[in-house]
Amino acid sequence: MDRQQAPPWVHITLILFLLSLGGAIEIPMDLTQPPTITKQSVKDHIVDPRDNILIECEAKGNPAPSFHWTRNSRFFNIAKDPRVSMRRRSGTLVIDFRSGGRPEEYEGEYQCFARNKFGTALSNRIRLQVSKSPLWPKENLDPVVVQEGAPLTLQCNPPPGLPSPVIFWMSSSMEPITQDKRVSQGHNGDLYFSNVMLQDMQTDYSCNARFHFTHTIQQKNPFTLKVLTNNPYNDSSLRNHPDIYSVAKECLVFLGQPSDSAFAGFGKAAGPIICCASEPSPTPDIAWYKKGGDLPSDKTKFENFNKALRITNVSEEDSGEYFCLASNKMGSIRHTISVRVKACAIYICLPCLSAAPYWLDEPKNLILAPGEDGRLVCRANGNPKPTVQWMVNGEPLQSAPPNPNREVAGDTIIFRDTQISSRAVYQCNTSNEHGYLLANAFVSVLDVPPRMLSPRNQLIRVILYNRTRLDCPFFGSPIPTLRCPFSVCCVRCSIVRFKNGQGSNLDGGNYHVYENGSLEIKMIRKEDQGIYTCVATNILGKAENQVRLEVKDPTRIYRMPEDQVVKRGTTVQLECRVKHDPSLKLTVSWLKDDEPLYIGNRMKKEDDSLTIFGVAERDQGSYTCMASTELDQDLAKAYLTVLADQATPTNRLAALPKGRPDRPRDLELTDLAERSVRLTWIPGDDNNSPITDYVIQFEEDQFQPGVWHDHSKFPGSVNSAVLHLSPYVNYQFRVIAVNEVGSSHPSLPSERYRTSGAPPESNPSDVKGEGTRKNNMEITWTPMNATSAFGPNLRYIVKWRRRETRETWNNVTVWGSRYVVGQTPVYVPYEIRVQAENDFGKGPEPDTIIGYSGEDYPRAAPTEVKIRVMNSTAISLQWNRVYSDTVQGQLREYRAYYWRESSLLKNLWVSQKRQQASFPGDRPRGVVARLFPYSNYKLEMVVVNGRGDGPRSETKEFTTPEGVNGTKLGKQMVENFSPNQTKFSVQRADPVSRYRFSLSARTQVGSGEAATEESPAPPNEAPGEQSIWNVTVLPNSKWANITWKHNFRPGTDFVVEYIDSNHTKKTIPVKAQAQPIQLTDLYPGMTYTLRVYSRDNEGISSTVITFMTSTAYTNNQADIATQGWFIGLMCAIALLVLILLIVCFIKRSRGGKYPEVPWRTDTSFLIILSVCLAFSYWPVREKKDVPLGPEDPKEEDGSFDYSDEDNKPLQGSQTSLDGTIKQQESDDSLVDYGEGGEGQFNEDGSFIGQYTVKKDKEETEGNESSEATSPVNAIYSLA
């Protein structure tokens, strides 16, 4: 029995505009404020020469800022260059080369200025460079001769590129060089051999450089190895090659070149320290140590087969001496590396390395009230020590107008008694010879009383004993300080929380108040329910807000379903009784094998149980009861085992009671390898039922500790198995034995075994990009599990860029399963990539997914709306479509809102309830039906996207003409059809009128019961522009044939989308000419909704139709027509009748005493008559479900077909509507000898009544005798 509690309720966290932990102050956008740079290109901006150049610069402010640029410190006049443009409402530069030009002409240093009346903000100085892929210099390489067992280094020396190329080694036949702890590639691209072996001569070695932007690979001439051996009888003996390739005999040390990212002081990653073992064969093992202490296990990582040690998040205690020890059975050698960490940077072996500036204290925006004091601090470090330069609004501070309230003290600017005139944007530029840092920080002087930023009187519902947080976001100037105790009144400002109107200090114990005003309740109790009031005050006033907290009881399954073992054909009941909070709506659903359970005819679902009647083998599996409310859920699982019919025991042992097997024991792991292990166990007692299977499960302690997963299944005849493992998983195994009775209890867990790590081999699935607001895009994906992580610190590299702009990729590293891109334009397509990465490397190149930013409400309404009254209950509409750029999203439909204003009948009250008619897709016309006759109506049109309705069009008025009381019936038409006709087409008189059909079969006796159907309701549109209409569904029990009409060009792709009553959605892509389409794997007796839409434009869709499959055909009794005894009986009767007829004929020909009747002496007639008597009521097998044949082509002019495929006659039947049987060769008919159908068969097949002479037959056939007597009378006269 597994049980899982759903995650606790977490209420929506409001946007905070306060100084959160480590965050910056944000001013609400409705208040005036200087500009702030929100997005800019990287400092070293390398671009692809084949693409247009995009240099980003975006800023916010109130009023909105304007932008200008400098290039190489001079004003850049965009208007003079036709290739350069600036995006609207942005400072982003776009340089277009579609009409010619060389990208190299635009290389240089660019800087963006964003300005409004309160100040000017600056971007970084962006160095624009065009990517270059230089050619590899040609060189002739002599064969490398080396002694067997000696170390060797093959140098790559790739040509310098921009950016630097990626290095990898391959053979000249493009086979990758296998790397291990003996042969590996260094950080500088060289190939290192710890010791050379004879097998290394079997291939050559070529260094390859892959350049990023041009996607080109350049190959160096290959090295050829000649390995000399000590074997005197070998051609490669040392005696033949006295001059060999010299190699180093000392430990090699590689120091990573310092950079802004690798060497940036405390908290940054150190460069790798690489030790390449050079001792002879066998290949040594490498281990790392630190003198005087242990390696910091949480910050170290081994790379390149232990040849590299990387230290992350460096701090001063990481200083010291590290040494790598290379050892094999011949001995050992070690090499020592000194590491020193100082505030300026990281030092390895050498004196203090050079380092670009890095922040110690970055200046933050300063919000002051008039008369307040404040300061801006700009502290940075580097080697050499960087200098600090202050600027104001982009100009050096020295040249700015003097300000008596401002004082500069080195890296600090002090403001005293600030006034409104002090508002400006200050820049701090700190630089040394290795780089620079630039930061903007504005000084805003505001006089604002406190204001609450969250909705008022929120209701938050939480589950008992869970954790929750109540937020109180607010803003004011002076900024409220939250450091004073709640029980003490602050002089400057204060924030106080009340519960149920009683002031109290809610900090401590079960409560915790954060600096931003949020109140956290660690464990919700019943007494915590109530109203919480947050009050913020400053010298200008106060503001308060209330939050009502309701505590709900958790949902619990107190009687859970139990594991059961039942026999096939019996009835089983699974209980699931739930206790929940009565104020919450409870939903109980069932899963089978973790999939939604379809409740068929054999199942009955009640509030507290699930009953299965006539259990079958397919019902075996796990059943999960899921009880859920809108706040929480509870799960309980049980396993149902179905036993097959048991044979009668033939021996004493078989008669013994059977039970589940005992648990396996003594698990042992052997044959430990990097990607596999052998698991051995001792089976338990099978308890008189042979063990059929062993299920091996595993548990890992990183992602889901304590949760067991199925790994593999093996036959019951084995007790040892080799298990294939995933990298970097700390495995623990257990075994479950299975027999026909059920499963054993799990064995005790094995010991743990951790596999080594590797880069991911896959990327996350189900990547989507959708806007949740009009100015963002949320990128989500399904996170990878433990067996696909392959290494520690699994993270995701999220990349995105605007589609079709060819701008550079934006990227960010995320540890969760979502990332929100902010400040996006409204509804634009983005290319999205999500790539997995762990500490061992990156996963494969991800697929590109197309996502869209958020939608906004449409800005325009349909125009030129025209109404034409078609009849008393319908109108046709025509309008001008809106421009695509005004939709601001995906156009879902045009929608008409209409209401009945009044009736033309006096004193008749009418309902003015607004109704609507939808017209999916981008179309210019439609039909509104089901109106009231003789009434005044008003109508408005809107365009609808995913966000909602746009503005309404001009209100139109129209009047419907008089109708009739009830349904107006037209002229009745009657058509007669041949017996085998099953289809009839009617040409519509107009696109609105409906038709009623009555169809009945008629024989000579009369007409049977009529089947009545009405034609489908008229579609909402007449086919004009590209559209889909007249979708027809012909369902059966397990499949359905789908056809439709359209006016798309040939070869257009469509998608058929259908949803069952369990809300399971499926889609089928089809071609336009591939009709009809058959939907398979449907469930009998289930209701489905279906629509057809264009694959290129989902907005062009048919109307949604609903259909239901027929119930499954079951034949509970044997078909009598296939029974041998019945066939024999019919043959005997036929033979007996034939003999009697022959005797009758012989006697008459001899002058027997029989009435003188005209008689046909045609022997074939006697045979036909006897066969008809024997088989005229032969049981016909009921029609089975067979696929429908192809439909006849529908008319393209609005006609429709009416047919009943389930009432087709048998093949070969020629029955006509007047009851006769059409003859193929003879003109005789058995019916011609009867009167009105009096003769019939009983249920046992005996014949009642007799045929009589039909006078009409005699009158029309003059060649027949006028005294003809029924041949059946002759038969009866023999009796």
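Every residue, even glycine, has its Cβ placed from backbone N, Cα and C.
Automatic prediction, not curation, is the source of TrEMBL annotations.
What you see is a predicted model, and the numbers here were worked out from it, not measured in a lab.
Features reported for this protein in TrEMBL:
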- 1-24: signal peptide (SIGNAL)
- 35-131: domain 'Ig-like' (DOMAIN)
- 137-224: domain 'Ig-like' (DOMAIN)
- 242-340: domain 'Ig-like' (DOMAIN)
- 351-444: domain 'Ig-like' (DOMAIN)
- 476-550: domain 'Ig-like' (DOMAIN)
- 554-636: domain 'Ig-like' (DOMAIN)
- 663-758: domain 'Fibronectin type-III' (DOMAIN)
- 743-773: region 'Disordered' (REGION)
- 760-856: domain 'Fibronectin type-III' (DOMAIN)
- 861-963: domain 'Fibronectin type-III' (DOMAIN)
- 948-967: region 'Disordered' (REGION)
- 949-959: compositional bias 'Basic and acidic residues' (COMPBIAS)
- 1003-1026: region 'Disordered' (REGION)
- 1022-1114: domain 'Fibronectin type-III' (DOMAIN)
- 1125-1145: transmembrane segment (TRANSMEM)
- 1185-1279: region 'Disordered' (REGION)
- 1193-1204: compositional bias 'Acidic residues' (COMPBIAS)
- 1210-1223: compositional bias 'Polar residues' (COMPBIAS)
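Confidence for the domain 'Ig-like' (554-636), expressed as mean pLDDT, is 92. Residues 639, 641, 660-665, 667-669, 672, 674-675, 677, 679, 681, 684, 695, 697, 699, 701, 708, 725-737, 779-784, 788-792, 794, 796, 800, 817, 820, 824, 827, 830, 832, 834-844, 846-847, 849-855 of the same chain lie 6+ residues outside the region 'Disordered' (743-773) yet bring a C-beta within less than 8 angstroms of a C-beta in it. Only sequence-distant pairs (6 or more apart) were considered; of these, fewer than three Cβ pairs between the domain 'Ig-like' (351-444) and the domain 'Fibronectin type-III' (861-963) are under 8 A, so the stretches are not in contact. Residue counts for the domain 'Ig-like' (351-444) under DSSP, helix first, then strand, then coil, are 6 helix, 54 strand, 34 coil. DSSP assignment over the domain 'Fibronectin type-III' (861-963) gives 4 helix, 52 strand, 47 coil.
Of the two recorded stretches, the domain 'Fibronectin type-III' (861-963) does not lie close to the domain 'Ig-like' (554-636), with fewer than three CB pairs under 8 Å once pairs fewer than 6 apart in sequence are set aside.
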